[in-house]
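For reference, the structure discussed in these notes is given below.
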Ligand code: 48N
């Protein structure tokens, strides 16, 4: 039996068909009983009958849960899963969202707040440095920077990360599941014994953190033929997928991130972003834990371009899986 189609099925109505064909350039249909006002109409008139429209608490609950559980159903079969919404994972998502509006892309982020280590430069300083040619990514994203010759400076790292995040979240075929941890990988073993990654195992992050002190709290799953893991090199969940590959005996041992060397580190991370085991691509600083690459410290160009490369690799693998009808 062929696996359930992971991409969008036949549109249910001509309207949907037009919407799908328009590449999701659909205008939200507002069923707006109460006419919305403009800020100018509201300003300075708070005492003149200002009042919010009425609500019942259950309406808020249903508005949230209906959508969330629909998303869980929709993305239970994803085309690509990205683990970790740091600068690398978000850059990969941005490239995939632009290139393939027909694919379902799920991002799993353990923290409530996505963005990983990219909200500040180094040692809590605000500015973010990217060495050329990573300025190409900033230009594509529409983030302003100061040109310093061999490198560029974004005035605040949060400007880069919030712009990237807002662009990624605006793609209708990308869903961010934050406060959700990947706590295992779905695997398939071919007759010749080759192991392939076929999705991720998830749980609420707070649950994942308390498996040892609570009774059994089983996880949920997301099937996908391609997983991109960009879980960073440190932090409570850092380098998750590569550590799991070691415990599954798919990697002999962690390579161990080496000392700081900007010139060596950034080229290595971008050039060696790749499929580590069939179906699993590793990028960003998680890769330093596989290859024993140097760290680069407070320069972020390699994160962006590793994400670009991870997206390219993912699309190649996805096409191959589709040809082999292997999910
Ligand atoms: O920002 P990070 O940690 O990882 P990258 O690779 O996107 O960017 C790394 C970059 O910020 C640096 O470390 C800079 C360049 N410094 C280098 C240096 O030499 O110090 O983002 C990883 C994200 C985080 O948001 C984690 O919360 C998340 O991944 N995460 C997970 N999400 C879901 N499930 C997991 N198991 C998991 N583990 C981590």
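Using the three backbone atoms N, Cα and C, a Cβ is placed for every residue, glycine included.
Going by TrEMBL, these are the annotated features:
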type    : residues                                             : note
BINDING : 88, 109, 110, 117, 182, 218, 233, 285, 295, 296, 297 : substrate binding site
MOD_RES : 216                                                  : 2,3-didehydroalanine (Cys)
Cβ-Cβ distance under 8 Å, sequence separation of 6 or more, same chain as residue 110 (substrate binding site); the residues meeting this, in order, are 84, 179, 180, 181, 182, 205, 208, 236, 237
By the 10 Å Cβ-neighbour count, the most surrounded of the recorded positions 88, 216 is 88
Residue 233 (substrate binding site) sits from residue 216 (2,3-didehydroalanine (Cys)) (Cα to Cα, rounded, in Å) at a distance of 28
Restricting to the same chain and to sequence separations of six or more, state which residues have a Cβ under 8 Å from that of residue 295 (substrate binding site). 233, 257, 258, 259, 260, 261, 265, 285, 288
Recorded substrate binding residues, 88, 109, 110, 117, 182, 218, 233, 285, 295, 296, 297 - maximal Cα separation rounded to whole Å: 38
Most crowded position, judged by CB atoms within 10 A, among 182, 233, 297 as binding-site residues: 182
According to DSSP, which kind of secondary structure is residue 182 (substrate binding site) found in, if we only use helix, strand and coil? strand
Through the lens of DSSP with three states only, how would you label residue 88 (substrate binding site)? helix
